[in-house]
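Novice: Mind looking over this structure? Questions follow.
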Amino acid sequence: MAKAKFQRTKPHVNIGTLGHVDHGKTTLTAAISKVLADKYPSATNVQRDFASIDSAPEERQRGITINISHVEYETPKRHYAHVDAPGHADYIKNMITGAAQMDGAILVVAATDGPMAQTREHVLLAKQVGVPYLLVALNKSDMVDDEEILELVELEVRELLSSQDYLGDDAPVVRVSGLKALEGDEKWVQSVLDLMEAVDNNIPDPVRDKDKPFLMPVEDVFTITGRGTVVTGRAERGTLAVNSEVEIVGIRPTQKTTVTGIEMFHKQLDEAWAGENCGLLLRGTKREDVERGQVVVKPGSVTPHTSFEGTAYILSKDEGGRNNPIYTNYRPQFYFRTTDVTGVISLTEGTEMVMPGDTTDMTVELIQPIAMEEGLGFAIREGGRTVGAGKVTKIIN
């Protein structure tokens, strides 16, 4: 059966939920899905229940969201792709890959707890990876009777946003209850509609980098029997028409291929646009020829590099970072777009060490080439946790 064509009738916006573990991100995501499906039934607005969003098998055993779930829904104004970003500190790596895909995010804070350590870490990371707008869902508000406590929590959250240069004074803070909305309680169903109205009105229509040369980081690779190899990811910029020639850059020697098909949410597209999550079918490319961390680009537009100058913020101990300073010859992982690559740091002349909580300039030599350009962001990671975040300021080689 031929797949349905994807119709572009409304602005498309990528959003997500951030926040501390157990503050109710996934429950709220399920509530948004249900409330919109009930209020504005359409082919897009199909209710996704909690279990299907919280879907990877190891998640349920630990009661922690590990993978990133993509949920699709629409309001009368817009079409949304929503990523439920993981909340547990161990899985900040996924948070980085998820947050990099957001035009704005809903920071979920339980009214019963207020902002916690991971709430702060997510706001810090959101700023580092370039999430431009945050608004707040004060979840579990049904469980707090005291108006003063709600106002106090709201004040705390606003201060947290302002501390990372988000518009803390102006950001909408909407009191919601994901659980009560799922149960159909009218007051709290309305709160979710109010939240989505705030998202519609406060996360501007994204300006996509459509005019730049096409680039899509590879997140996943799989084989469709009889058709070939598909790479999936979010187009970072540019547009790509079916039957275009592309290069696959980074990690291995650059290779050329042709894109013979493009899909988004299981619907066929004639072309992929910046900001869209899509799958690209590659002609004559074997599954083992491509891997996560490479990028698919317009030929000649991006080159692979191993050494660069950058500036980075080293997280303090309170932010979940290192206890000890870093020195020249420190060898952490550098997380670019969708993958970790080991690199050796050289501090600038005259700098003996960098303390947690400081910002520093550095020169880095990676052990594998990465598709790189000035301004590219990275996280510095060690033993599975984020210890710093920065940007490439100059390419050396």
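Just so it is clear, glycine is given a Cβ too, placed from its N, Cα and C backbone atoms.
Because the structure is a prediction, the values reported are computed rather than measured.
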Novice: Which stretch, out of 19-26, 75-82, 115-122, 163-170, is listed as region 'G1' by Swiss-Prot?
Specialist: 19-26
Novice: Pick from 56-59, 84-87, 256-259, 276-279: which stretch is listed in Swiss-Prot under region 'G3'?
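Specialist: Per Swiss-Prot, the stretch marked region 'G3' is 84-87.
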Novice: Which one of these stretches, 139-142, 303-306, shows up in Swiss-Prot as region 'G4'?
Specialist: 139-142
Novice: Please identify the range among 48-52, 63-67, 308-312, 393-397 that Swiss-Prot labels region 'G2'.
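Specialist: Here Swiss-Prot associates region 'G2' with the stretch 63-67.
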Novice: What are the helix, strand and coil residue counts for the region 'G1' (19-26) according to DSSP?
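Specialist: Taking each residue of the region 'G1' (19-26) in turn, the totals are 2 helix, 1 strand, 5 coil.
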Novice: Comparing the binding-site residues Thr26, Ser141, which residue's C-beta has the most other C-beta atoms within 10 angstroms in this structure?
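Specialist: Ranked by Cβ atoms within 10 Å, first place goes to Thr26.
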Novice: Run through the Cβ atoms and count how many others sit within 10 Å of the one on Asp22 (GTP binding site).
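Specialist: 17, counting other Cβ atoms within 10 Å of Asp22 (GTP binding site).
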Novice: Ten-angstrom check, please: count other Cβ atoms within 10 Å of the Cβ of Gly19 (GTP binding site), all chains counted.
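Specialist: Cβ-Cβ neighbours of Gly19 (GTP binding site) within 10 Å number 26.
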